[in-house]
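My questions will all concern the structure given below.
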Amino acid sequence: MAVGSGGFVGKVLRVDLSTGKITTEDTHERYAGLLGGAGIGYRVLWDEVPAGTGPFDAANKLVFATGPLVGTSVPCNGRATVTTLFPTCWPKPLVGSGHMGGHFAAKLKYAGYDALIVEGQADKPVWLMIRDARVEIRDARHLWGSGIRRATLEISQELGPDCVVAAIGQAGENLAPMGMVINSVSHSAGGVGGIMGGKNLKAVAVQGSGAVRIAGDKAAWEALVKFHLSILGANNQHVVPSFPTPQAEYYNPASRWVGQPGKRWGAAKPPLELPGNIHDPNSIAFRTNSAVYFLGDEAWKYTVRGNGCTACPIRCHTMLKMPSVTAKYGIPDMGQNTCVALMFGRTFFKQLANKKNNETAMEACMVGMHLADDLGLWSNYGQLQRDLRKLYEGGYLKARLGSKEYASIPWDKYDSADPAFLLDLLPRIANRQGELGEVLSRGTGAIFDHWSIPESEWAGDHATTYWKMGHPKHHANEDDGQCGVIINTQYNRDAQCHSHTNFVRNGLPLEVQKKLAAAIWGSPDALDAPGDYTPANVPKARRAKWSLLRKELHDALGVCNWMGPWAASPLRERGYTGDDSLESKFLSLATGQTMDREELDRVAERIFTLHRALTIRDMGRVDMRAAHDIVPPWVFEDPSGKAALTKGTIRMDPADIAKAMDYFYEVMGWDKATGAPSQARYAELGLAEVGEALAAAKLTPEAAK
Amino acid sequence: MDTTRGISSEWIKRAAKATGWEGELTRRGFLKLSACALTSLAFLDLGEAYGENAPLVILDNAQGVILADPTRCVACGRCELACTEYNDGRAQPSLARIKIARAVNFGPSGPTGGEAMHGDWGDGLVIQGVCRQCPHPVPCATACPQNAIVADPQTGARVVDAAQCLGCRLCQQACPWGMIAFDEKAGVAAKCTLCKGKPKCVEACPAAALRYVPWRDLTRDGSPTRPTLSVVPPETAKACLDCHVTAGAKATK
């Protein structure tokens, strides 16, 4: 893309903490063809971080990348992708990304940078100050040891109230692989906090006064934004409400569109009654209430308002006020978060894990999110909680933990589901205190290593939802049969892909979904209803590929894959179609250079393939199918013994999944035996030098023979 | 018909009425509205007829104003982006004529900590900054040595005439509400124009936190967000005498 075009702001900032050197490079010159997000991250790791580097080595790099749509009014942008050697990936750290929303990404763009590369290691704690063109490495010794809230406040006092601070807490400072970085109260990128800690980087704070230019016609841009708003649903692009209403043909109780007219933001002062027209563009923010969806209807009365990322009308980070927690647990009465991080506290407890409309469960959530987002402790998509439960309930801790340490832990509180237990447990983990704190701070892989527990004890247990490589499933066969399974084999952490689930769980009746599917993936058989799966086929593999590429594309553009793609809409008059070309239309108008859907999907495939190449390089082996693309045994079992691929079970069949993987490698143009791209395939995607390097290392299917 | 400098007394009365100062001025008997003062009266459209160099003193009240409800604001900033993208073709909150970004984190009083702190890190309340379209004397317009802040003919919004603006920033200093933006690229001040009566920000809010309503005087509500530097260029000050008399010259009661 030409210099001076819109969307991109044109520069990538590079900060070497070892030397203090601060430089910029031209986004287009260096990263053309990779847009942004993990595209830039993978490129930096490929070019600059040699195989064999450890995640906490000074040679590892940390790439915070936005995308060309970040900072604009494109609905649901505001995402930053943080790419590095992912420390919780087990048994060997490989490339991975954490993703955060909030206001960090947009500020970085307004400051004039499409991405920030952090390298080296400071010799004392520092924070990075970015104020437009002025970038300084500042002393953070006074902040070291403090939580994220305190650090954010003090940095904001120094830089100004409108800056955005992305900081680590004690977990990151202690180089915990389970550390995360947080910006804007609750927006976290998991796994990368310890990498910052390893670099002695407490925080990155950004203040930006510049612009993201829209190169195309203003009126066309405005019309496209309005069109996009018209096809938005609620969180996860659920396009039908969860309640019956004359305003919608369909409803689905499982939908995240819970904002029924008449419900109230009960903790707003004064409370706010949700308005009557659910389709009104000026009411989109009322559709989603994550607290109500996850914690139950009772959460309405604690709701202050919706919150979320820059420019997103969905507001999936629900802000709650629960006065009882201050007196009981000594924490602030305000809390906000979404999804798994919202449930962070509750899910540790057997009695509360799935409990809705329960005051203690909600209090546990308040305590959990307060501590997690201050200590900067990640949950690994709830695996931390499931790990503790299995370790405790399975008797592993009693058998393995020293008796003195075991006795020091208030298990009585745990047994009685007292949220106060978290006040003891979570700082233990963040501070890596004792054997339990140390092991849990390193992630699931450490449990296997440290206590010599075979991985199979987790992978064979449906209740752990453990998938592979130290990470759990993330929208796998419980949502989307073979498509979900394929997607969950591809990454080095839990699959952060939502393209597929956002479609199958959108709430529309199956026959409508199938009609839409036929138009996009060439066959109504591209999807089944969750838990009623038919055998693998090529259209499903095609949809899996589409899902993965759109995930990478969204990260690269800086839009939210928790909302996109927009393949369906709430609009009856459109037959519930969305727009599968929306991303390319936005990018074309923003940059002023037309790029159609196919071209853009090719860019996404290039990015995704670069991830594959990095994985192959750093694993030092080409047999991805056997060594990497693993499906855990629990997927092939059913607790009540139901046969695979029958109605009412998510149990999959090994031979059918093998076939599904065949189809997937085929649609990717990869070698079926190894699941790896050939040198020619890399070249076709504009990654010739990557293919050459891998061939030279005998890491392409043909070279390995 | 009575005229003053060629303007009918009827128009002058209407102009005075529009400022809300009518009673005050007539009772004291020193209504001396001049043609110069009237150049900015939008409905008269006299700017061309009575000379461009006349100092501006009185601006007719705007027809509408944007009301913001902090309890509804969800801190997405779509209003700021609609303001700059749809009007200027660029996404730039610092240029927005509605102000959210500055209040999102900690509220208007900043990162003070404590119970009174607003915003995402405080009690959640996001107190939007909106232009009050102040009545006479309009602080930004009065402070402008170029008379570059004038009433929009359609809505009466106080708008910056970019061709006249020198970029001295005195209007920024003069606004008690901190609502004047500055376009660093063009080197001129920018402020809310009410978008020809269809404010883009209002349309863009996903939580109906903004409304466009008939004008009323909001300058008496709440406290100004910042201390102001009151600067009145001498030419403008002189024009004040067209309507007001110095204390010594006032008629005794």
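A Cβ is built for glycine as well, from the same backbone N, Cα and C atoms used for every other residue.
Relevant sequence annotations retrieved from TrEMBL are reproduced here:
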{"type": "DOMAIN", "residues": "B:64-94", "note": "domain '4Fe-4S ferredoxin-type'"}
{"type": "DOMAIN", "residues": "B:156-185", "note": "domain '4Fe-4S ferredoxin-type'"}
{"type": "DOMAIN", "residues": "B:189-215", "note": "domain '4Fe-4S ferredoxin-type'"}
Same chain only, please: residues at least 6 beyond the ends of the domain '4Fe-4S ferredoxin-type' (B:64-94) with a C-beta under 8 Å from a C-beta of the stretch. Say none if there are none.
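Answer is 100-101, 104, 119-120, 125-128, 130-133, 155, 157, 181, 183, 192-195, 197, 199-216, 218.
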With DSSP, how much of the domain '4Fe-4S ferredoxin-type' (B:189-215) is helix, how much strand and how much coil, in residues?
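In the domain '4Fe-4S ferredoxin-type' (B:189-215), the DSSP-based counts are 9 helix, 7 strand, 11 coil.
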Can you break down the domain '4Fe-4S ferredoxin-type' (B:64-94) into helix, strand and coil residue counts using DSSP?
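Tallying H, G and I as helix, E and B as strand, the rest coil: 13 helix, 7 strand, 11 coil.
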Against which stretches of its own chain does the domain '4Fe-4S ferredoxin-type' (B:156-185) lie, if we need a Cβ under 8 Å and a gap of at least six residues from its ends?
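Answer is 42, 59-64, 88, 94-97, 99, 102, 129-134, 138-150, 191-194, 215, 219, 224-226, 228-231.
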Looking only at the domain '4Fe-4S ferredoxin-type' (B:156-185), what are its DSSP counts of helix, strand and coil residues?
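The counts are 5 helix, 6 strand, 19 coil.
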